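Here is what TrEMBL says about this protein:
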ACT_SITE  Glu1355  active site, proton acceptor
BINDING   Cys60, Cys65, Cys68, Cys92  [2Fe-2S] cluster 1 binding site
BINDING   Cys131, Cys134, Cys170, Cys172  [2Fe-2S] cluster 2 binding site
BINDING   Asp401, Leu462, Arg485  FAD binding site
BINDING   Gln836, Phe885, Arg999, Gly1167  Mo-molybdopterin binding site
BINDING   Glu889, Phe1001  substrate binding site
DOMAIN    22-110  domain '2Fe-2S ferredoxin-type'
DOMAIN    259-453  domain 'FAD-binding PCMH-type'
REGION    434-453  region 'Disordered'
Amino acid sequence: MPPNIGYHGEADGRVPGIVTDDSILFFLNGQKVTLSNPDPETTVLQYLRAQGLTGTKLGCGQGGCGACTIVVAEIQDADGRAEPRYSPQLACLTPLSYMHSKHIITIEGVGTADSPHPIQERIALLHGSQCGFCTPGMVMSLYAAMRESHRKQSELSEEEIERTFDGNLCRCTGYRPILDAAKSINKERTMAGAIGCGEENCCQLTSSEPVPSDCLVDLTFPKVEFKHYDQTQDLIFPPYLANHKELQRNCLHLVSKRHTGATFEWFSPSDMEGLSKIKAQRPNARMIAGNTAAGLNAFLESKDNRRFSRSESESVIWIGRIKDMQQQELGSHSKGGEGVWVGAGCNMEQFKQCLQAGSEKYRQPSIYKAFLKSLDTYASAQIRSMATVGGTVILGANFSDLNPLFIISNSRARIYSLKSQRFRDLLVSDLFPTTRESNPGRPLSGDRRQPLNNFDPNDDVLHAIFIPQKCCASKDTKEYVQFYRQSKRHYASLSSVNLAVRVNLSSEKKISDMAVAFGGEEVLQGPTQSRSFEFSQDLCREIWSDQTTLQALIVKIEKIMQKVTVGAANEDDDQAYRRRKRFVSSVMAGFMMRLWSTIRNDLGDQSNKEKSMSPAEEIHPGTNKTTHDVLQFSKEHEILGKPLPHTTALSQSTGEAIYVNDMPKADREAYGYMVVSERPHAFITSIDASAALSIPGVLTFITGDDIPNSKRMFEPRMKLDEEYFPREVVSVGTSIGMIVAESAELAQEASRLVKVTYQDLPAVLTLDDAIAQGSFWSEEMVVEQGDFEGQMKAADVVFDGGCLLPGQEHFYMETYSARAVPRLEDNEYDIYAACQNPKGLQDEIAKALGIGRHRVRAHIKRLGGVSTATLQIELFLNHRILQGFGGKENRVIPLAVSCAVAAKKLRRPVRIMFQRNLDMQNTGNRHPYKVKWQVAAMRDGTVKAMKIEMYANGGCNSDVSSLVLAVTMGNCEGVYRVPSYHVSGRVCKTNTPSNGAMRGFGGPQACMIAESWIRQLAGAVGRPLWEVQARNFYKDGEVTFNGLQLVDFYAPQCFEQVKKDSDFERRFQEVEEFNKRNKYRKRGITILPSKFILGMGGVIPQNQASGIVHIYTDGTVLLYHGGTEMGQGLNTKVIQVAAETLGISTDKIFVTETTTDAVPNPTISGGSMGSDLNCGSILIACRKLAKRLAPLQKSNPNASWEEARFIDECTIISKAYEGRINLTSNGQHKSPLNKAGTKAFQYQSCGAAVTEVEVDVLTGDWNILRTDVVMELGKSLNPALDVGQIEGAFMMGAGYTTMEEVTYSRNNGSHLALGPNKYKIFIAKDIPKTFNIAFLRGVTYDNQATVNRSKGVGEPPLLLGGSVYFALRHAIESAR
C-alpha cells in the first residue's frame, strides 16, 4: 500500500454502544485479503498499483476516462439470497474501505497474454488496441457487461454493447475496432468488421440472388479463429463472502493519524441505529455514499484539500452499507398515492430497475419514462454503478438531471432525524432554494453545493424518496412529463441545459396544471425551479394545441431565463456572455417547442401531410457499421502488406504492458511533483517551502539552484531557450520547482503547500490583445508569388472572408511521466520517460548534470498515446533549417531533467507523473488562429489570386510556433492551384500556456483555411462546390506554396473515387430535398479533399535512422531501432520488414525498447515518418545479413533456419555461427531527395472524405450519419494498422473542428477545461453510424522511394475530420 506517512497508533475513539471492527476483508481476483486498519483515504487504485497490479491505469483521477475501470462483485440483497451482481467501477474514486465484503476483479484476474480471456483476445487480434493505455479499462467495462448479461441470461444488443463504453475514452483507435471486437464476442462471429458496403440494403446482406461481380470486393480483414467465450470459466463469486453474512453486520471504524495530531476517522455503520449513535458522538461528521463527487473535487484541486497535512480532525460516515437505505419497493404514500419508493442509498442502476418495475406495474406512466430517459444519459456505466439517488439530491448541483424531475413530479423525501430518531416527510422541491445566491464564478466551484432548505446536515438523513405514478392530485386530468437536455456530448457529459416539465390537461385538452424545473452547467445563478402557479396562472384554461399556447410557452420561458445568470460569468467578456445567454434561451425555447409538439401529437391534433419529421422527434445516435476496402496490395508479399495485429496488443489487453509509471518501485525510490505558477506574468520575490518540508516523508524541494550545470533547455536551430525553474513566470502552470517525497500522493499535496510571493507584471491574455499591443514572437513572415495586384484587378469576382480556428488539447491517455535511476557508480543514469525524443532527453539531462552523454541512457519502451508531430523542413521563408518538437517530444524533458537532478541530489531513484489537470495546464495545445483573406476568381470559379493574413497564438514560449505557422502558410491553398498569392503571418506572444507541435503540425489549420475560402468562392460564383473544387485542383509537376513539386499527385483521383463510392451527388440532392421538407431537422453533406506534405527531405541531421539486428543461434532475431512505439504499430511494421527480408516468420523476431546505448543519436519519432525511417534502417541491416547467409542457403537448400532439433541437423544459423559469420548487422537509412530534388519535403499524401450529418434545429444536437474516406498511402506495410490510424486521426480531426473546446480564463489566461469532466473528446457512440474506409484504387507508386513504396499515415487523415464541421455548416445554412 502507499506509505501511510505520519500515521502512528491504533484506531481509537470508539463509539459507545456499537460493535466496531477496524479491519476490512475483501477478495481480489479470487484471493482473500484482510487489512487491519488501512488508511481510509487510500483509494482502490492506489492500493492495486502498490500491489503491483498496474494494469489498472491512472488516466485522469476524475472518473471521466475509464482507464481505472475495475469490476466489483457483491451480493446486494440484505439476506444474501440474491445472486452476486457485477458492476464496472472507477478505482480512482473508490476508497479501498468501500470494498469490505466485496470481490474486486482487475484486468490481471481476467486473463494473461499466454492465456487471454476471449474479450482480451478479440480486442487484441481485431486491432482494438493501439497505444494500449486505455485497453484494460475497455476490457473491464465489457467484461462487467458480459458478466451481468450472463447473470440475467440475456444477450447484449449492439446498442447495449456500444453504450458499454460510454465511460471509456480512447484517443488512438477511433473506437471502431473495439466495437467490432465486442460485437464479435456477443454473436460469436469470426470475422473482423462488417460485410458489405455499410448500407442496410447492401446486396451482400439482403440479396438471395448471386451478387454482381463488381460488388464482390473483399471489404474485410481475413477471418480469425477465436476462443469460444465460456462464462463458466470466469472467476466465480467467492463462496466465503456468500456464506459469512456477519461481514455485513458490524460497524467498520478506521482511523488514520497525522504528524499534526489530527485524525481522519472513517465509519461504516450497517443500520440506522449505528448511524444515529455515531452522529451523536461525531455531530459534525460528513456523510458520503457513492463518492463520485470526488472526481469534481479532483478537477477543482484546491490547497484546502489536504490529507497528510491536515490540521483539524475530520470524521466521515459511509452510508453505503445501510441496507435500509437501499430498499426498492412499489407501494403508496399517504399524500402521493401509488408509486415507487427508492432508498437514498440506491445507485443509479438500482434506481433504474425500480423505475422499470414501476413502469410495468403502473402501465408506463410518463413520469417514470422521463426518469428512465434521464438515467439513460446519466454519466457513464461506471458512475451509474456508484452514484446514489440521495447523493444527487443532497449535493444540490445545478447540473443535476434528476433534481428537476424530482421537483416537478411532486416527489417526496423521507427524512430521518438522528436526534429524535423519527421520520418526517416533505416535498423534495422544499429542499431546494427557490433562487441561487452563489458566486457566479467558474462552473462547479460556485454552485455545486448549495445549502438545502428544511434540512440540517448535522441531524438529518435523507432516507428514501417516493415518486408517485401520477404527479398531480387531480384524477380527471391527463398527465404528461417530459425531460430534455442538451450537453457537449450525447453521453457521459453533464447537461449544459436541462428542462423537466409536467403538464396536466383536462378532458377539453386545456391546461389545468403545469410545472417546470431546469438546470445545467450553463445555468449558474437564478431560479432552480418555476413553481406550478407561475406557469399555471398565465396558461390555465388554454387549449394545448393552439398556436397561441406555443407562443405563450416560449415567451414565458424566455422571461424566466432573463433572470438567470449563465456560463462562467466572471470568465466571459460581455459579448461571450450574451452569446451564452442566447444559447440557453434558444435551447429552452426549442425544448418548449418539442414539448408542445409531443403532446399535440399524442392528442392527435397534428397532421403531417408532407411527411416531414415532427419537432417532437429527437436525435438518437445509431449503431455503427463499418467497411474496409484496403487489401489491394496485400498479395504482393508473404508478410509485408498483411493486416497483422499489433505485436504487443495481447500484453496491452491483459494489462501486462508496462508504461513508465507502471515500472516496479525500486528500493528507496522517491516521487516528485511540480510547484507551478498561479500568475500569468510575474516576478517571483520569494519561495517558502517550509510548510511542505515539515511533513514527515517530504524529502526536498528542487529549484534551479540544485541544477549543477546548464539550467536552460537550449536548442539553437529552433531558437529554443527556456529556463527550467525561472524566477520570471510567463503563464499559469509555469514550473517553479519540484517537491520530492516518499509517495506520489504526498508529493502532490506538499507541492500545493509551497508559498510563492509574486510581483505581478503586465500580461497579454488573448490573441486579439496581442495583435492590438504588437506582442509577437517573430517578425512578419511572407510567402508570395506572381502579380497579385494585377490578378485582383482582372478578376471577375473578388471577396473578403476570414475564420477563427480554435486550439485543441492533446489528451493522450498517459500523462507526462519520467523516471531517473542513478547507478551510483561512475556518474551513470538510466532515464525512463514517456517521450518521443530519446536523443533530446539524453542531451538535456547530460547538459544539466554536467556529464557526457555516454553516461546517460534514455529508455523508451512505449508511449500511452501521443498526438504530436515532428517536421524537419528547410524553412522556405528564409532557408533556416529548424527542428520541431512538441507534446511528448520536448515538453516532457523538463520533468526528466528535474527527476535526474533530484536523483543526483538524493542519490536515489525519483519518478514523476502529472495529474491530468496539471498536464493539461502545463503542456499547451494546438495553435489557435485568426485569419483574414481576399480571393479573386473568374466567373467559372477559377482562382486567380489570393491574399491571406494570419495570426497564430504561440503562448508564453516561442517553442516551434514559427515553424507551425510556416507550415500553415505553405499549405493554406490546400489542393488548389493559386497562380498569384501573398500570404503573411505572425506568431503572437501571450501569457497563456505555450502551444507547440501537435498531430498535423499546422496542417489541419491550413486545410480548414483552404476549405473555407473555396466554399465561399463556390457561393460567390453560384456553382456547385465540387465543380469549383475540381476546377482548381493542382496537376502533377506544379509547385505548391511551400516549394514542393508535385509528383504522383492523386488528390483528384481520391476525390473522384470517394464521390463515386459514396454516391455523393445523388445523396446531395436527397439532402436538399430532405431539408426542403423538414423545418426542425436538417441534414448536411460535404466533400473535402486533402493534401498533407511530409517526409524529411534534404541533407539534414534528422533525415536518417539507424537500426541493429542480432541473430541468435536458436534462430531468433532481436531488433533495435531509434523510433518510439506510440501505438501506431511501428514495431509491428519493422518486424514485418525484417521477416520478409530474412524469409522467416514474425514470431521469431522481437523488438525490445528504444535505448540510446543500443542506437545512439536516434531521430525523433514524429511527422508520420517513423516507419519510413526505421523500417528503412532495418531493411538495410537485414539485407546485409541475408547477403551473408545467401551462400549457406544456396549450398544447403534443405537446411532449416532454426536451432537444430537433433544431433547433426543442419541449420542455416548454426552453419553461419560455426563459420564465424557475423550475425549482427546495423543499417543506416537516409531519406533520398524527392524527384524534383527539393529539400523542403519528400512527398505528399492525399485523401478525400464525404460526410453526412443531421442537426436538430431546436436544440443544436447533432449526429454523424455517414462518412466515406479514401486515402492514398502508397503500398501499405500493414493495412489494418493504417486503417486504425485513419479512423483515429479522422475522429481527432472531427473533434478538433466540432466538440473539443479549449477555454481560457480572461482573468489569468489559464485553461478552464482541465480534465474529461469539462474537456470533451468523442466517445464510441459519437463515431459515424456508417464509416467506410478505402484505399485509392487503380494507381501506381513508382516514384515513391520508401520501403515497399509506403507512405506515412499518422497525420494526413486528420485533415479529413474537418468534413464533419463543413457538413454541419451546410445543415445550419439550410436552417437559416
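Including glycine, each Cβ sits where the backbone N, Cα and C put it.
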Requested in this report: List the helix, strand and coil residue totals of the domain '2Fe-2S ferredoxin-type' (22-110) as derived from DSSP.
Outcome: 14 helix, 29 strand, 46 coil
Requested in this report: Take the Cβ of Cys172 ([2Fe-2S] cluster 2 binding site) and count every other Cβ within 10 Å, whichever protein chain it belongs to.
Outcome: 29
Query raised in the report: Near Phe1001 (substrate binding site), meaning Cα within 10 Å, which of Cys92, Cys134, Gly1167, Glu1355 (recorded positions)?
Result: Gly1167, Glu1355
Requested in this report: Between Cys170 ([2Fe-2S] cluster 2 binding site) and Gly1167 (Mo-molybdopterin binding site), find the distance joining the two CA atoms and give it rounded to the nearest Å.
Outcome: 21
Query raised in the report: When a 10 Å sphere is centred on the Cβ of Arg999 (Mo-molybdopterin binding site), how many other Cβ atoms does it contain?
Result: 28
Report summary line: One should report the C-alpha separation between Leu462 (FAD binding site) and Glu1355 (active site, proton acceptor), rounded to whole angstrom, as 53
Query raised in the report: Cα within 10 Å of Gly1167 (Mo-molybdopterin binding site): which of the recorded positions Cys92, Cys172, Arg485, Glu1355 qualify?
Result: Glu1355
Report task. Fill in the CA-CA distance, Arg999 (Mo-molybdopterin binding site) to Cys134 ([2Fe-2S] cluster 2 binding site), as an integer in Å. Result -> 19
Report task. Find the one among the binding-site residues Cys60, Cys65, Cys92 whose C-alpha lies closest to that of Glu889 (substrate binding site). Result -> Cys60
Query raised in the report: Pick from Cys65, Cys68, Cys92, Cys131: which of these binding-site residues has the biggest number of other Cβ atoms within 10 Å of its Cβ?
Result: Cys65
Query raised in the report: Are any of Cys131, Cys134, Gln836 (the binding-site residues) within 10 Å of Cys65 ([2Fe-2S] cluster 1 binding site) when you go C-alpha to C-alpha, and if so which?
Result: Cys134
Query raised in the report: Setting Cys131, Cys134, Cys170, Cys172 aside, what same-chain residues sit with their Cβ within 8 Å of the center of the Cβ atoms that define the [2Fe-2S] cluster 2 site, listed in sequence order?
Result: Ser129, Gln130, Gly132, Phe133, Thr135, Arg171, Thr173, Met813, Gly864, Gly865, Gly1127, Gly1288
Query raised in the report: If you measure from the C-alpha of Arg485 (FAD binding site), which of the binding-site residues Cys92, Cys131, Gln836 fall inside 10 Å?
Result: none
Query raised in the report: Can you tell me how far the Cα of Cys92 ([2Fe-2S] cluster 1 binding site) sits from the Cα of Cys134 ([2Fe-2S] cluster 2 binding site), in Å?
Result: 14
Query raised in the report: Closest of the recorded positions to Cys172 ([2Fe-2S] cluster 2 binding site), Cα to Cα, picking from Cys60, Cys68, Gln836, Glu1355?
Result: Glu1355
Report summary line: Here the 10 Å Cβ neighbour count for Cys170 ([2Fe-2S] cluster 2 binding site) comes out at 30
Query raised in the report: Hey, how far is Cys68 ([2Fe-2S] cluster 1 binding site) from Asp401 (FAD binding site), Cα to Cα, in Å?
Result: 25
Report summary line: Among the recorded positions listed as Cys60, Cys134, Gln836, Glu1355, the Cα nearest the Cα of Asp401 (FAD binding site) belongs to Cys60
Report summary line: Most isolated by CB count within 10 A, of the binding-site residues Cys60, Cys134, Leu462, is Leu462
Requested in this report: Check the Cα-Cα distances from Gln836 (Mo-molybdopterin binding site) to the binding-site residues Cys60, Cys131, Cys134 and tell me which is shortest.
Outcome: Cys131
Requested in this report: Could you measure between Cys131 ([2Fe-2S] cluster 2 binding site) and Cys60 ([2Fe-2S] cluster 1 binding site) for me? Cα positions, answer in whole angstrom.
Outcome: 16
